[in-house]
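Trainee: I have a structure I would like to understand better, so I am pasting it below and will then ask my questions one at a time.
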Amino acid sequence: MSEENLDARKELAVEDLLPGRLDRLPILTREQRNWVAILGAFYVFDTVDLSLAAYTSAAWRLHWGTTVGQIGLITSATFVGMIVGGMVGGRLSDRYGRRPLILGGVVVMSAASLATAFAQNFETVALLRIVTGIGLQAMAGNVLVYASETLPAAFRGRYSAIIVALGFLAVPVAAVLSTVIVPLSDDSWRWMYAIGALGAVVALTVGRRLPESVRWLVANGRIEEADRIVTRLEAECVRRTGGALQAPIPSTAVRPMSLREVLTRRFLGRLLIAAAGAIGVILIQYGFSSWIPVLLVERGYTQTQALTYSTALAVAGAIGAFSTYLYIDRWQRKYVIAVIALLTACSVLVFGFTGSMPLFFAIGLLGMACVNAVMSVMYAYLPELFPTGVRGVGVGSAHGAGRIAGIVGSLIVPAIYAGYGFSAVYVYVAVISVLLAGVIGVFGARTTKEGID
């Protein structure tokens, strides 16, 4: 056999073994933990920026005379941007890499947030929120795609969930900051958007330490770069454990793929499952948590009581998201999602119908913990449904469908409340939860601790 053929066989072997070499790592290296911390920081800014309009809208109403309808348009503008950012950003990451879309998305989001701090009217804010949404979703969707492609199979779920949970932890922090900062003066709300712009600082400093995704490098023929990264990780594992690594399991060839392949019979089913999952968790989250302050005030609670309870719910939600670390990799993710969704359904039904105040508040905390837990597991699950060549566009399209559902859901809840009352809203959320459990539990793919293409 010629030397050229031997070299070709050697390169093919390296290419086929690289994903398996990554998945066999027995521990998470210090470098990989740093990646998780950086990705988590990006997710914190994502969540803070997404919640800013809710915390500053009262100031706009007071000083600009902004109507409730205009505030709703600003929220919808953010979702429109996120739909574009998810779909376009996902496809661009499949072509040009995960790293540039993550860092570029953070910079776009931060620049638009900083520009919002100087906005002088509602129209400018609405336009800037579209741009913010584009950058935000281009970054957020690819953060979890990146995590799924760079973490060992045994740790992939729990650390992806930790990244999402860090974002949920930012919600009560943002609420406290806005409570302190926004009332200081007529223009103090602007400082919240300046804080939201700090994500660019992270991207341009520590964010530069992120290498490109190993699996994306392999899919695009950059084998030497991928090999250097994995070799470095292997060396740390051997040094820390003092033992030899297990033999890697060869994987199917990772290759670039066309957009058309997403719509073939092989992947269309998974795309529909992913879209159903993203739609389900968004409708559950917005149906249960986003309207609680308004609905509690409508039931006779003071605004202070409603906001205090909402802050407690945010803390419970963060705890629920972090709790997934304990079990997300112990059982198949599809079944974990189904069980938590059913617990969510039970919790929200009790929340909507109980006449006991202690039970009302306690079950609400449990319900919020379940809502954020199922969202954390779902977001860790979505990237595992697609091969590397179309993972970005697959996940981006699913998130885009979820954001469309968010716009529709923002209209459904007030309509149900106006027509049928408080309890009916939570019947609606329970029905969505049961449907989500059925679809994912029955039709979802098995991915836990398994290699991904």
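Glycine residues also receive a Cβ, built from the backbone N, Cα and C atoms like all the rest.
Nobody curates TrEMBL annotations by hand; they come from automatic prediction.
Per TrEMBL, transmembrane segment is recorded for 34-55, 67-89, 101-120, 126-147, 159-182, 188-207, 267-286, 306-328, 335-353, 359-382, 403-420, 426-445. Under the heading domain 'Major facilitator superfamily (MFS) profile', TrEMBL lists 35-448.
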Trainee: Residues sitting near the transmembrane segment (403-420): Cβ under 8 Å, six or more positions beyond its termini, same chain?
Mentor: 72, 75-76, 79-80, 82-83, 86, 137, 278-279, 282-283, 286-287, 290-291, 295, 298, 428
Trainee: Hey, does the transmembrane segment (126-147) touch the transmembrane segment (67-89), meaning at least 3 C-beta pairs closer than 8 angstroms, sequence gap 6 or more?
Mentor: yes
Trainee: Grab the same-chain neighbours of the transmembrane segment (101-120) for me: Cβ-Cβ under 8 Å, and only residues 6 or more beyond its ends, written as numbers and ranges.
Mentor: 39, 42, 45-46, 49, 52, 85, 89, 92-93, 128-129, 131-132, 134-140, 142-143, 146, 190-191, 193-194, 196-204, 207-208, 210, 392
Trainee: Rank 34-55, 126-147, 306-328, 359-382 by Cβ pairs under 8 Å to the transmembrane segment (335-353) and hand me the top one.
Mentor: 359-382
Trainee: Do at least three CB pairs under 8 A connect the transmembrane segment (159-182) and the transmembrane segment (34-55), leaving out pairs fewer than 6 apart in sequence?
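Mentor: The transmembrane segment (159-182) and the transmembrane segment (34-55): touching, yes.
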Trainee: Counting only CB pairs under 8 A, let me know which of 159-182, 267-286, 306-328 has the most with the transmembrane segment (126-147).
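Mentor: When the Cβ pairs under 8 Å are tallied, 159-182 comes out ahead.
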Trainee: Residues of the same chain, at least six outside the transmembrane segment (267-286), with any C-beta under 8 angstroms of its C-beta?
Mentor: 261, 337, 341, 344, 371-372, 374-375, 378-379, 381-382, 385-387, 390, 394-395, 397-399, 401-406, 409-410, 412-413, 429, 432-433, 435-436, 439-440, 443-445
Trainee: Quickly jot the same-chain residues contacting the transmembrane segment (359-382) by Cβ under 8 Å, restricted to those at least six beyond its ends, or write none.
Mentor: 144, 147-148, 156-157, 160-161, 164-165, 168, 274, 277-278, 280-281, 284-285, 288-289, 292, 309, 312-314, 316-321, 323-324, 328, 333-334, 336-337, 340-341, 343-344, 347-348, 350-351, 394-395, 398-399, 433, 436, 440, 444, 447
Trainee: Hey, which of 159-182, 306-328, 426-445 has the most Cβ-Cβ pairs under 8 Å against the transmembrane segment (188-207)?
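Mentor: Ranked by Cβ pairs under 8 Å, first place goes to 159-182.
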Trainee: On average, what pLDDT score does this prediction assign to the domain 'Major facilitator superfamily (MFS) profile' (35-448)?
Mentor: 86
